[in-house]
Amino acid sequence: MAIQGKTMIIALLACFAFQICFSSDAIFYESFEDSFEGRWIVSEKDEYNGVWKLSKSEGHDDHGLLVSEKARKYAIVKELDDVLNLKDKTIVLQFEVRLQNGLECGGAYLKYLRPQDAGWKAKEFDNDSPYAIMFGPDKCGSTNKVHFILKHKNPKNGEYVEHHLKSPPSVPSDKLTHVYTAILTPDNEVRILVDGEEKKKANFLSSDDFEPALIPAKTIPDPNDKKPEDWDERAKIPDADAVKPDDWDEDAPMEIEDEEAVKPEGWLDDEPEEVDDPEATKPEDWDDEEDGEFEAPKIDNPKCETAPGCGEWKKPMKKNPAYKGKWHAPLIDNPNYKGIWKPQDIPNPDYFEIEKPDFEPIAAIGIEIWTMQDGILFDNILIAADEKVAESYRQTAWKPKFDVEKEKEMAEEAAAGSSDGLSDFKKIFDLLYKIADLPFLSAYNPKIIELIEKGEKQPNITIGILVSVVIVILTVLFRIVFGGKKRPVINNAEATTVAPESSNNQGSGEEKEDEKEKDDAAAPPRRRVSRRDN
């Protein structure tokens, strides 16, 4: 904890120095270290009833914008001081998200809004507020992606079309802080980074990278073209000249009795396949009036086990060689076949050519999401014109937090792994208790129980316990087979010294006192039932 505290102090000092040195290089930067009220405007639309809060990231002194309630819609927006032009320049969009309670179904993305219509007010921000770019994680059902969506205006018809990045990166499936970066460059490329690592590179003008393609197809199917009524799409048709053969019997069954079959010798015709269980007895609490007449459960007839069969013998069925099923005329090539019809292509009236995307400017940054999860924390929202500035923010604002969280996660996983190991030991001891209850070991049960209980207190001697129990079993089996009369010797001391004592005070203090009290007790060793009750 002391190391973690020092790490956070260093991170905070670095972050303070970082803000002084680099904030002037950012086009926009929001750290949420101060109250967002008055600077960010929460939507007043009725459906957006989720409550935003300024909150510390778990385990840090660093603040962020928190999604505080489950199953809510959230909307909040920050208008930029100056409208940002994206054309012919490098623009870096970056922000952090921490899914503190995981993410099963919900969005955690940002919308970069284009200038709104006259009269629009920030408090009216909702899903219909037009954006230029949508970027960030989204996960629900089969959807698991880091969205990048560009809304581009078609210069021919003036309509805005959403162009989705194909094969986007997936969302990291943990509860750590992750930083998402989109780098737009003048050579028409966009690069998506997660935690500073490039996960996707795409070209805005490539039809292989965006769906639908930014540049429309030159031709499209004619929407007014209709399939002719006499158009025949059947490649094969029944042969009209074919005639069902005279010997074709459509009523012949698929299977018939095997007339050549002979009843096996020794078949017990008068014996049923099941009989009443002769060992079954009516329960003491059975009430004939309420429960009805008691009937013993059925068991397999033991007489049938050595016989080829019991009960009435019937000839088995076999496949009918005369079976042909329903007759159908064979198929032949269709002389009128014209292929699968499709409308003819015509020039696309909305087709256009461009050398660069016509990006809409960015006038505001908004978060408009629906989520079933709470605990989503947004932080360090950045717009920059230099990749190095974004990298510096990652190294100074994000990396120290991530390292602390990752170290804690690894420690928790190690602890969980240790617990799994203890769970494995418990399974071993449960098995040993079952072995101790075997009838032929009844004479040695108390000593075996005593050994197992000692092993539960000192798991490092489990191997020794196993060896001792195996020796007991082998000795008893040897005596049963060869008539020996000696009982096997169980050496507790030998069992406890098979595995060396660990250095973490195992076997000392309270454990030794417990063993002394157990040895002094006059009562017999505890049995499995009492152990589980305890």
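Cβ coordinates are placed from backbone N, Cα and C, and glycine is handled just like the others.
Annotated features, as they stand in TrEMBL:
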type: SIGNAL; residues: 1-23; note: signal peptide
type: REGION; residues: 214-312; note: region 'Disordered'
type: COMPBIAS; residues: 223-246; note: compositional bias 'Basic and acidic residues'
type: COMPBIAS; residues: 247-260; note: compositional bias 'Acidic residues'
type: COMPBIAS; residues: 267-278; note: compositional bias 'Acidic residues'
type: COMPBIAS; residues: 285-294; note: compositional bias 'Acidic residues'
type: TRANSMEM; residues: 461-482; note: transmembrane segment
type: COMPBIAS; residues: 494-508; note: compositional bias 'Polar residues'
type: REGION; residues: 494-534; note: region 'Disordered'
type: COMPBIAS; residues: 525-534; note: compositional bias 'Basic residues'
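Counting residues 6+ beyond its ends, the compositional bias 'Acidic residues' (247-260) has Cβ neighbours under 8 Å at 315-320, 322-327 in the same chain. According to DSSP, the secondary structure content of the region 'Disordered' (214-312) in residues is 7 helix, 17 strand, 75 coil. For the compositional bias 'Acidic residues' (285-294), no residue of the chain approaches it from at least six positions outside its boundaries, judged by C-beta separation under 8 angstroms.
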